[in-house]
Amino acid sequence: MAGGNERSMKALKEVWKRAENSLCADCGKPDPDWASSTLGVFICLSCSGIHRNIPSISKVKSLKMDYWDDAQVQFLAKHGNAVTKAIYEAHIPIYYYQPTYNDCQVLREQWIRAKYERKEFTEPGKQLPYSDGVKEGILWKRGRDNGQFLPRKFLLSEREGCLKYFTKQDAKEPKINVKIDVINATFQPEKIGNPNGLQITYLKDNKTRNIFVYHESGKEVVDWFNAIRSVQFHYLKVAFPIASDNEIKNRLTRNFLKEGYMEKTGPKQREAFKKRWFTLDHRRLMYFKDPLDAFAKGEVFVGSGENGYSVQKGLPSGTQGNFSWHYGITIVTPDREYLFTCETETDQLEWIRAFTSVINQAMTPQEYASKCLDAVSF
C-alpha cells in the first residue's frame, strides 16, 4: 500500500512539473499547488476556493496535503491545463476580459463559472448575454449629492454607440447619454463598499466624470462589464478598420495605474498641504476630496520624459507649505512643478514607480491632442 502511494505521488509530481501546469489555469498565478480531480486543471489556493463552491462541476484537492489515487493521477496526466483549456476556452470572444490573480473576486469567480459551469466558450457562435450589442437593466447607482445607492435603469446600445441611464423606469429621456468611445469601466469593490462595485468613468468637455454602481448578482455586473467591452470593440473596429483585433483589445477598458491618498499644495507652493484622494489613469492624474466624488477637483496631464516630464523623490529645498506627511514627490512638467507628500515610504515608492512607468512611455498623437487639460485648479 505504501509502495503504491509512493508510486502515485511520484507520478503526480511528474505531471505537476510539466511547463503547462506551472501557472494557475484560471488566473495565471505561478506555482499552483491545488488541482481539480474532475476537470484535470492545476489551480492556485484562491481559485480552488471558487471551485469548491461549484462541487457539482469541480472536486479540488491539495497537491501537497491530500492523497491522490492512481486513477486520479492518470486523469490529471491525460488532461492538465493545456488540454482542459483547449476545451473550455476554445471560443472566448476577443473582447472578453480574462482576469488575473490581481483582479477582484467577482471577476475571477464569474470567469471560472463561465468556463466550467455555464460552458460559455466551448462552442463557436454561442449566443452570450453580453454579445448581442444591446443590454438593458437595473443597476444600483450612487447619488452624486446624497451618496445613496438607488435603482436606475441603464441602456447600452451598439447601434447608437452609447450608454444611457434613466432616473425613472418610464422616463422618456435619459439623465445622461454617454458615447461609448469615452467610457471606461473598472471594478472597485473596496472603494464602493460592495463586492460587485463597478466604477464607470467617462470624459465630458475633456473632464472626467465618475459613476459608481453595483448589482446584487455577480454574474449580472460582470455581464455589464463585458457588454461594455463588446460594444466598444465593435465601435472601434469600424472607427479603426486597419487595426488588428489585439490592438483594439488593448484599447478597451483599463484598470487605474494607481490610487490612494496623498497630500498636495497649490500652484504657489506656499499653501498648506491638504489630504486628497488621487487617481492615476494613464496620463491623467486626478484628485478628489472624497474617493467617491463624481467629479475631480483637478486634473493634470503627465507626459513623457522626452517632452520635459519627470518625477523626483522628495520636495524642493525651501518648500514653505505646511505638511504632516514627510515622504515627498515632485512631478516636473514644462509649465510648473507639482508637489505631493505620502504617509509612508512604501506609498512614496509605489507612486514614483507608477509615474515613472507613464513618463517612460512615448506619447501617441491622441495624447498630444488631449494635452490641453485645464490644470489651473490643481
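The backbone N, Cα and C atoms fix where each Cβ goes, glycine too.
Annotated domain 'Arf-GAP' per TrEMBL: 6-129, in sequence order.
Per TrEMBL, domain 'PH' is recorded for 132-233 (among others). Confidence annotation: the domain 'PH' (132-233) carries a mean pLDDT of 93 in the model.
What TrEMBL records for 255-360 (among others) is domain 'PH'.
In terms of DSSP secondary structure, the domain 'Arf-GAP' (6-129) contains 53 helix, 10 strand, 61 coil. Here the domain 'PH' (255-360) has, by DSSP, the following mix of helix, strand and coil residues: 18 helix, 41 strand, 47 coil. Helix, strand and coil content of the domain 'PH' (132-233), in residues and according to DSSP, is 23 helix, 47 strand, 32 coil.
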